[in-house]
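Reading through the structure tokens given below for one structure.
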């Protein structure tokens, strides 16, 4: 067995002296549940039930998905010009918990298309946003540093995937036909535009008349916007000043019989699924149903008033009425002309007015006579009933 060689202490060596030899007492340290290690622990606990194998499988799946997206982007596929809109700080700071208030078209960079965006454009915009905001890329970015000594060196990006969650939610809603219909019914841009629509009760008072250009500038965008909600497609548009009588009549006939698919489920109050009180759930569901019906009724009335307002200001209606009047007069003149083709002398305006006045007086006299006859008949019937009652009373006595 090998021996350990040690050096002999020199004779001049002395033990170090301590001023106040004592054992230090116990002390407490505060540990903060922050940082990437703690976040990883939470993910492992909550999402993977303490299973490292499940966690590794999830990471591998995410890595493969990201690689597929990167490869598809590298292949030079046509991006259709979507998903590249600038992202404001307000947009990037969206809270995933407030998902009903989000502008999903802005989240995916489709603000310029909105309800007109098709499935392929939504797919490409989503792919671009995922490549840009994937948590794996965020994790490798430079972490912000804290000014507090307690948090020195700790990664404060604990909400790196907040906007990524918003992207996932936007993709979920816009790729589900029913959810998208509900969202498009109360789209942010739509609601803002409707607030700027002319109010019938005040618009008519403030504007006694409109020029042709003003009329079409104000009302054409309204019907282009509202036509998306019609179950019957395509809906006729307002047209222009040269539109035919058939087009104008068809336009108002279609819009007065407008059948809308617009719904308001998106504005429902959330039902607390964690509550065990069934009465609360039933009450909330009943309240939501009532509110949806009320909003639907108000929306139908709003559109009907807009159609009424448009009709009252439409310059083509006056032109059509004038044309119909001229056609009636021409037809009347043709009927009054003799077979020989020679025109009979027309009555003067004063004679026509005199005949009209006499006819009205005769009608008034006839009405008065009929009224007197009716009153006399009623009085006679009353007297007959009274006499019959008197005879019955006498017989009884």
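Here the Cβ of each residue, glycine as well, is placed from N, Cα and C on the backbone.
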Which range of 69-88, 89-108, 109-128, 129-148 is region 'Disordered', per TrEMBL: 129-148
Per TrEMBL record, range annotated coiled coil [choices 52-79, 164-191]: 52-79
Contacting positions for the compositional bias 'Basic and acidic residues' (323-332) when only residues 6+ beyond its ends and CB under 8 Å are counted: 245
The region 'Disordered' (274-295) - residue tally per DSSP class, helix then strand then coil: 18 helix, 0 strand, 4 coil
